[in-house]
Amino acid sequence: MALVVCLKTVTELRGKGDRIAKVSFRGLSFYSRVLENCEDEARFEEAFRWPVASKVDGNEMLEIHIYNYSKVFTNRLIGTFRMVLQKVVEEGHLEVSDTLIDDNNTAIQTSISIEIWYQPMDGSVRGWSDGEFLDVPDDRDGMFQFETESLLSSHSHSSGTPPGRSSHGIPTFRKAGKGVFSAMKIGKVRSHKKGDDPAILETEDLDRKAMRLGGGLDPDTISLASVTAVTTNVSNKRSKPDIKMEPSAGRPVDYQISVTVIEARQLVGLNMDPVVCVEIGEEKKYTSMKESTNCPYYNEYFVFDFHVPPDVMFDKILKLSVIHSKNLLRSGTLVGNFKLDVGTVYSQSEHQFYHKWAMLSDPDDITAGCKGYVKCDIAVVGKGDNIKTPHKASETDEDDIEGNLLLPEGIPSERQWARFYVRIYRAEGLPKMNTSIMANVKKAFIGENRDLVDPYVQVQFAGQKGKTSVQKSSYEPIWNEQVIFTEMFPPLCKRMKVQIRDSDKVNDVAIGTHFIDLRKISNDGDKGFLPTLGPAWVNMYGSTRNYTLMDEHQDLNEGLGEGVSFRARLLISVAVEILDTTSSEIMSSTEVQVEPVSNISESATGKVEEFFLFGSFLEATMIDRKIGDKPINFEVTIGNYGNQIDGVSKPVAGRKKKKDGVGESDEEESELIQNSSDEEAEDDGDLVSVSTSPPMKPVITDRNYFHLPYFEKKPCIYIKSWWQDQRRRLYNSNVMDKIADKLEEGLNDVQEIIKTEKAFPERRLRGVLEELSTGCSRFVTLANKDQNLAGRTKLDQERLKSCMREMESMGQQAKTIRSQVKRNTVRDKLKLALNFLQRLRFLADEPQHSIPDVFVWMMSNNKRIAYARIPSKDILYSIVDEERGKDCGKVKAVFLRLPGKKGFGPAGWTVQAKLEMYLWLGLNKQRKDFLSGLPSGFEENKAVKGTGLQVVPPISLVYNMKQVFQLRAHMYQARSLFAADSSGLSDPFARVFFSTHSQVTEVLSETLCPTWDQLLVFDNVELYGEATELRDDPPIIVIEIYDQDTVGKAEFIGRTFAKPLSKMVDEHYGPPRFPPQLEYYQIYRGNCPAGELLAAFELLQIPYDDEEIRRALIAVHDFAVPQIKIGPAGRTELPPIDGPTDVDRGPILPVPLGIRPVLSRYRIEVLFWGLRDLKRINLAQVDRPRVDIECAGKGIQSALIQNYKKNPNFSTLVKWFEVDLPENELLHPPLNIRVVDCRAFGRYTLVGSHAVTSLRKFIYTSPDKRANNWAHTARLANGYMALTNGTSRSRPYSRPISHSSGDIVVNIDSEPNIKKMETVVKLDATSDAVVKIDVNEDEKEKEKKKKKKKKGEEVEEEEPDESMLDWWSKYFASIETMMETLRAQEAAWAEAEEREDMEIAAENAGTKPKEKTKSKSSKDKKKNHGSDGTEKKVPKPRVDELMVYNKELESEFDHFEDWLHTFNLYRGKAVDDDDHNMVDDDRIVGRFKGSLCMYKLPLSDEITREAGFDPNMGMFQSIPHNDPINVLVRVYVVRATDLHPADINGKADPYIVIKLGKSEIKDKENYISKQLNPVFGKSFDIEATFPMESMLTVSVYDWDLVGTDDLIGETKIDLENRYYSKHRATCGIASNYSLHGYNVWRDPQKPTQLLAKLCKEGKLDGPHYSPGGKVKVSNRIFLGPTEIEDENGLKKPTEEHLALTVLKHWEEIPRVGCKLVPEHVETRPLLNLDKPGIEQGRIEMWVDMFPMDGPAPGPAIDISPRKPKKYELRVIIWNTDEVILEDDDYFTGEKSSDIFVRGWLKGQQEDKQDTDVHYHSLTGEGNFNWRFVFPFDYLMAEEKIVISKKESLFSWDETEYKIPARLTLQVWDADHFSADDFLGAIELDLNRFPRGAKTAKQCSIDMVLNEQELPTISIFKQKRVKGWWPFVARDENDELELTGKVEAELHLLTAEEAEKNPVGLGRKEPDPLEKPNRPDTSLMWFMNPLKSIRYFIWHNYRWLILKTLALLLLLLLLGLFLYSIPGYLVKKLLGA
C-alpha cells in the first residue's frame, strides 16, 4: 500500500535562480534536489513514495511547495499546489497539471505537472482509462475559487473548448478545478450529524449539475471588483494607485454639541449659590443660579454650533465648572471643574454620554480630592449622525454616582493626578521667516547678517498652554527646556499640540505644528505603559518654504490639512509621572511650569547614517492645460535636502563642526548652502545631489491635458541625505501595513461576494483569516530579531512588546474566528475582521518619526504648481521582503494635487499631473540594487564618468527596448452618475487615457446611466521595457467621465482606474484569459463615490515585420536610434474588429460579441399609481404630466394625467413592455423614470427623473419557489438562527414550522388570572405573556397593589381602580417595558454568542447540543430567554400596553413599500459634498408612486390560470383602485424631546402646526413657555382627500412675542403609503380588546370584522370559530379567551379576543401573512432645512386614519397631559438639640447660639419660611413648636413638583419648571447686625428619605452618610411622619460633620383635605400650637443678677469650683495633719 508522486516539471517560472521543491503528505515532507540556475522551466523528474498504513481518505491532501533556493537566506516561496486525493483514491492513477497559488491564495502564472499512483490493499481502484477522465465534473470555475483566489482572476470559460480540456487537448485540471476545489473541501471535513448541512450540500450538488448541463459558465459571470480590479497585481514592478484624490482633512463641517446639565451633588462648601458654566473652546454658557444648596437641580439644555474641520473640533476642550455665587458684579469663586476633549465624546458609542456624573476637581489644589459631581448629558452630532437618545424614562436609577461617572470605558473611576513633562531640546532646518529684502535692510542698519527667525515652542494640552523661551535669530535653536502640565491621569484629552512659532513684534506666526496622540504613545492594558516618547525627532510639515508676507497656506502650519512641504524638525520627549498627592512637598496648583533640562547627547536619537534617495520619472501625463505651456520641471525633496530655496546638502555633523569654531562668522555657512558643489566633490569622489528634472516644454495630449515628451529618455533624480538610522520603526509599521492591506483587500472581496450574492463568502473569509493569522505570526518572528540599536527609546521597546502581544493575540483570535465562520455568521465575523483591520492600522502608525516624507513638486516657470507627498516608509528599502515599503523599487502612478485650500472642491477633483514614478530610498551602503525594480531594457546615462569606487547614479535612463501595443477599451455603460445639468441629468462622455494617448466616447444626452456600447482602439501605443513585464504589469488606464455642455468647458463627473489585460505576440487569443470580461469600476469624484463604470480593457502586442527588425539590428550596430515601423503583417495577428454595425451611429465601433453580455427576453410591467408634490418648473405649474419609463433603449409611456390639480393619479394602472436584458442580473442596466409636462402646442418639459439602479428587488419569483424556501428556512430557524435573527422583529424566520399537511396549533396562552403576579415580562407587542409594570394611582409610585374585588378578599381603602388608570399609565408602562426589552435584547445577544461558542466546541467534539423542543415559534423562544433575568422582580400590577418605537414607524415596516413604491424625482445639479446621504434632498422636485415587476419570458401558465386572474393587471393582482378617497386623519402628538433652543435664553416656546394639503392647524395659543421637552398631549382631526392631500407635515414652531415665529423642526409622513399598506397602518391594533376604560378599542371596525375582511382579501379559508376558545384560519388554529366585561362588570361571551389573537399573529399565516401595525407611539426626528442632516429634537406621536365611507370612529382618546395634583405639606419644627454654638458672649466669653430653623420646598427665593429665634441657647437645645405650610403642585408619574413662575422682571409669561420633591431644612444662628451664620442643613427627598429617629440620642450622622443602606419611606405613602433628623455641614477638610438635630413632623394632605382642615402658619390660628417653654435668659442681668450669675458661673465653672473645693479640703486635712502630728508623736513616744 503506497502513494507515489512523480514531480515532473514546473514551468513559466519568473527570473533566473536555484529552485527546490517540497512535497508533503500526512505531515511527512520530502525535499527535491536543488536545480541550479534554471530559467523559466524546472525539470525535476523525481518520484517520492509514501508507504501508507491506513487507507487514504478521499479528503486527504497533497501539498507541493516550490521555492527559490538560497544558501544564506531563507528559501523564498514561489507558489504552492494543493490537491485533495479523492480522484486518486477512485482512479488509482492520475496526471495533473495546474497553476500554483501564492500566499494570497491567488493563482500565478507558474504551473506544475505531476503524476500520482495509489495502490490500496484490496485493489479496489480499477484501472484508469483516458476517455472517462475527460468527463470529470470540473467543479465549475467560479464556484469554489473564492477561498483561494481573489475575485479578480475569476475568468470564466467562454465558448471554444469544453470545460475539462485546455486548448492543447491535454487532460489537465485547470486553475480552480480539482486543485482548488480540494482546498475548499478542507473546510468541510466534519461529521454530517448537523441538521442543516445536508440541505446545503444538496443545493451545491444541484448547482454543480446544472452548471455541467449548461456547459461552461455564462460568459458574463462578472467579478464585481469595484476598485480592486486595479489594485491587485501579479508581478511586483508596479504599486497600487490610490483612487481617492481630494484631501479630506481640513475641510470645515457642521457640528452641534448639546449639553444638558441636570443637577449637581455633594458640592464642597458651606451654604453655596452654585452656577454651572459650560465652556467649549472660547464659548461659555451659564445655568441659572440656585441659592443656598449643595445639590442644585438645573435640568438646563445648551447647544453649541460649530463649523470647523473635524480635527479642530475634536481637539476643542469641553469644560464644566461649578462657580459659587456669581453675579453681575463679581465673577464668583471656582468650586471645581472637569475637562475632556470633544473627540472623547465623539468616540463614545452613539457619540454621547447620557446621564453621567462628571467628577469635579480643583485646579488650584490637586491635593483636595473630589469637589462634587455634576450630572449631565453630552452629545456631539456631526452631519448625518443621528443620535439615538435613550428614551427619557424615570431617573431613579442613576443615583449610583460611582457607577455612572462621566468617563469613557476602560478608564478607572479613581483618576490620579499626574505630571506630563514635555521636554523640548532643539530644532533644525527652520525656514526663513523674513524676506531677504528685510535682511538686507537689517544688514545695512546693524551691519551683520542674522538668521531670519526667532523661534520658540508652544505646547497645548488639556486647555492649557506652555511656552519655552525665545531663541533669537537662529535656524537651529537649542532650548533644553521642559514644559510641565499637571492633569488627571488617564487624561480625557487625546492630543498634545506642539508648535514652533516665530516671535514677532506684531504677531507670532506658527512655523510648524505636530500633534502627539497620547493613545499611540501609551498602552492601557494590564501589561501596558504610561505615555512616553523619545527623545525623538518629530518632523513638521506645512506651507512651502519661500517666505511671503501673506502666506495663503498659513493654515497648514497650524496643523490643518496635509502639509505640502517640510518645515522643520524638533527633538522632543514626553514623560508622565503619577503624583502621590498625600506627600507634602508637592506643588498643589495645576499652573503650567517651564524649567531648564540638561542637554542630551548626539547619539541618543540614533546613529546618523547616509541615506540615498533615487527617483526616475518614467512618464508625466495629464498635466492640466491651465498651467500654460511654459517649460515644466519636477523637484524632489526629503527634509531640506534637495530643496531649491534653502536646502542643505552636507551632513549635519559637518555643519556642527563649523558651528563650534566661533571665530568663523555665519556668512561662511550661508555660502556653504549656496555653492555646496565644490565642497561635496572633494568628499569621497561623490556626485552632487540632483534633485530636479531638466525643464521641458509640454506637448498637447488633448483639449484638457498636456504631457511631457519623456519617450525613451527618462530623467532621474538622486539625493544624499543624513538622518538618524531609525529604520526599524518604519520596518515594523511596513510589516503591519502590508498585513492590513492584504486583509483589507480580502475583506473587500468578501463584501463584494456578499453584495453580488455569489456562492461561499464564508470560504473566502476563512482564507482571509488564515492569511491574517500567518501574517501575524510572521510579524512576531520578524520583529523579534530587533537588536539593541542606538537611539532606541523606551517607547520603541514598549511599543514592540505591545505590538507583538497584540499581533500574537490577533493571530490567535483570527484562528478561532476562522473556525467559527459559518454561512449564517459570515456577516458578524466580517464585522470582527473589520475591527482587526482598524486595530492593525492603529498599531502600524508610528508616533516617533525618523526620516521625513518625500515631496514631489511640479514647477512651471519657477512657480510651484502642484505636489505629491510620499511617506518615506513606503519607499524604504529592506532586504526582508515584508519590511520593504510597498512602493520601494516599484513604478507608482502618482497624482499631483493643488496645495492647501486650493485642493478643496472642484479644483481638487481634477488631476494636476499624473506621474509614473520609480522611487528607492535606503542606506547609501545598500544602494547596489537601487535600479533593480525598474522596467528592464534601459541603459544608464551618467553625468560624470566618476573615478570614485561607488556606483554613480544615472541622471537619465535611455530605453532601447520598446514594445508596440494596441489598446482596446470596451466602454459598455456607466450608472448612477452625478447630475451635472440643471435638468437633473447629464450628457456624459468618457475620456480614456493611456500613456500619452487619449480618446473619447460619444456624448449621450440627458442620462445618468449612459450605455455607450463603444470600442475605442488606441493604435501604436509605445511602451518601454521587457515584454514579459508589460504582460504582467501594464501601466494603468485612467478613465474620466465628463458632462458635455453646449457652452463652456465640459464638467468633470468622476474618475476611475483600470488595468488592462495584456496579450503578447506569442499568446493565443482565447480562453481562459481572453476575451476579457466586463467589470465594474467604482468612479470617484474627490473622495465621493460618483457612480460605476462597466467596461473591459485589453492590451494586445503588435508583432513587428521581419524585414524591419533586420534593418533595425544593423542600425543599432551603427549607434543609430532604431526606427521600427509596423509592417503590413502586423495587423493580421490581432483578433479581428467587427466594423460599425449600427447605421445611425456612423463610424462608432460597438463592443464585440464575446465581451458584451448575453441577452434574454424580459417583460417589465409597470404599475402607474400617481404623481405627488410636483414643484413648479420655470415658474409654471405642472398641469398635464406623463411618466416615461425607459430601460435598455425600450420603453413605455403612462397615460396622461389630464388635470394634475384635480386628480394626480393615473387612469390606466398597469402597462408593460418587453426588452432584451443580460442574463446576469448584476449587469442589468438601470431603469430610468422621467416625468414630462405636456404643454400646449406639443411642447414637452422635463420635470424630473429617477434612475432605478438595481432592478433585482423587482424581479418576480413565483410563490411556489418561495414556499420551498420556507420549509428550508424553518429548518434553519429551529437551529441557532432563532437567536441571531429573532431579535429583529420583521424577519420572516419566526414562522412556525409547517408540515405539508395537517393543522398547526399556535398555542397562545389564554390570559392568566390577574392574581398570578409572577408572570414573564412581555418583550414585544406580538407576545401575549402578561406584563409586570408598576402602576399606581398616578403611575410610578409603587403605592398600592391592584386586586380584583372578589368576595372574601378585603380591599385596601386606597386602592386605585380602573378609573384611576389613564392613557398615560399605559404610556409610561410601555416605556418601561421598552427599556426592559432593550436590556433583555442585550442579554439575549450575549447568550447567543455563548451558545454559538458552545455549539462550535460541541461540533468539534462531534456532538450536537440538544435543542429543547418548544411548541412556540422561534421568536417566542427568544422571549423566554429574555425574561429569565427579569423574573425575579417585584410583582407589578398589570396595565395594558402599546408599542413605543424609538424610531419612525416607516423604518420598522420597510417604509410601507410592500407593494407601492415611491421614487423621488430629481432635477438640478448634484452639489458635491463629503457625505452623500443628504445632499439630494433639495433636488427633489416630486415623487412618482408606482411599482415595477420584471420576469423572463415565457412565464409559466400556472400563474395566469389562477382563479380571478385579471390579465390587464398582470402581476399586480388584487390591488385597490386609485380613485380619490376621503379620509379622516387624526394626529396625536404626545410630546417633544430635546428641541433645539430658539431663543437667546437657551429655551424655546414651542407649539404645534399641522399641515395636510391645503388645511393647516396652528395651535399657537397653546404654546408652552420656555420648554425644550414640552408635553403636548393633543389630538387634531383633519379631513383629507387622497391622493391630492397625502403628505402630512407636523412642525414644531417657536412662539415669539415680536417678529415671526421660527421653525424649530418638522417631520413629514406619507399617509397614502400607510393607508394602502398591507401592514394596515390606518389604526394600530391594540394588545387587548375592551369596551370601556383607558384601553377602549379605537377602530370603528371590531377585530372580528377586520379578520373576516383580511381573510376575504387574502382568499383564505376562515375564520372558523369553534367552542373552547378556538379559531381556525387557513390551516392554523389559535386559542384565546372568550369572555368580556362590560362597564357594569357583567361578563358576556365574545369572539373578539380570538379574532384579535389572530390579528396579532397575522405574520404567521402562510402566503398572505405580514405583521400588522400594533397600537403604538412612534418617535420621529425633527429636521430643519437650514441645518441639513442634524436632528433638531424628536417628537412622539401617532396617526390614525378612518375612511369616510366606513363607520364613523368614536371620539379621540384623551391624552391631555396629566395635571399636577395640588398638595399641602405641613412641617412642624418641634425642637432642636446639640446645635453647635457659634457666638461668644461679650462679658463672659460664654458660647451660645440664637437658633432658628429655615425650610423650603420649591426653592429658596420662592417659599422659604423661618421659625422665630430661640435666643441664647447655651446647650444647643431650641424649642420652637412652629409650623411651616408648603402648598405645591405635584406630578406623581414623574415624581416632580411643578412650579410656574416668571423668569425675570421682563418675562412675558410664566415658565413651567419641574423640580424633584425635596424638602430642605437648615439651622441658622441669628445675628442682629452682621449676616446670619449658616450652621447646618438636611435635605429630604420626599419620595425616599430615611425614617426619623425616635429620640435625639438615636439620631446620628449615619442617617446622612449611609443613606443608601437605610430603609427609606415616602411621604406620599406614609402621609404623616415624626422623628429626629441630623443637620450636617462640611468642616475645613471637606468632611461632613454633625452640626445639630431637629425634631420635626411632616404631614402631607391633598388640597381638598387641607381646605377641610385648615391650619395657621407659625403658631397662629386655626389649630394653633402652644408656646414653647424656653428658659428665659435674655434680660436676666437686670431682673435677677444673682440668678444669672449663678447660672453663668455655676454653669460654666462648676467643675473648676468643685475641683477647687476638693483641693481646699485636701489642703485643710494636710494642714491639720501637720499641725497635730508633733503632739501626737510626742504623746506616742512618751507613751502618755
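The backbone N, Cα and C atoms fix where each Cβ goes, glycine too.
The compositional bias 'Low complexity' feature in TrEMBL is assigned to 150-167.
Marked as compositional bias 'Acidic residues' by TrEMBL: 663-686.
Marked as compositional bias 'Basic and acidic residues' by TrEMBL: 1408-1418 (among others).
As annotated by TrEMBL, compositional bias 'Basic and acidic residues' applies to 1425-1435 (among others).
Positions annotated as domain 'C2' by TrEMBL: 1-98 (among others). Break the domain 'C2' (1-98) down by DSSP state and the numbers are 6 helix, 60 strand, 32 coil.
Marked as domain 'C2' by TrEMBL: 237-358 (among others).
Annotation comment: TrEMBL describes 401-532 (among others) as domain 'C2'. Mean pLDDT, taken over the domain 'C2' (401-532), works out to 83 on the 0 to 100 scale.
What TrEMBL lists as domain 'C2' is 949-1074 (among others).
Sequence annotations record features per position, and here TrEMBL assigns domain 'C2' to 1145-1271 (among others).
As annotated by TrEMBL, domain 'C2' applies to 1510-1628 (among others).
According to TrEMBL, the feature domain 'C2' maps to 1751-1900 (among others).
What TrEMBL lists as region 'Disordered' is 150-171 (among others).
What TrEMBL records for 649-695 (among others) is region 'Disordered'.
As annotated by TrEMBL, region 'Disordered' applies to 1337-1360 (among others).
TrEMBL lists 1401-1435 (among others) with the feature region 'Disordered'.
Marked as transmembrane segment by TrEMBL: 1997-2019.
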Composition by DSSP (helix, strand, coil) of residues within the domain 'C2' (401-532): 14 helix, 57 strand, 61 coil
Of 1-98, 237-358, 401-532, 949-1074, 1145-1271, whichever stretch has the most CB pairs under 8 A to the domain 'C2' (1510-1628): 1145-1271
Considering the domain 'C2' (1751-1900), which listed stretch of 1-98, 237-358, 401-532, 1145-1271 counts the most C-beta pairs under 8 Å: 237-358
DSSP residue counts for the domain 'C2' (1510-1628), split into helix, strand and coil: 12 helix, 53 strand, 54 coil
Helix, strand and coil totals (DSSP H, G, I; E, B; other) for the domain 'C2' (949-1074): 6 helix, 61 strand, 59 coil
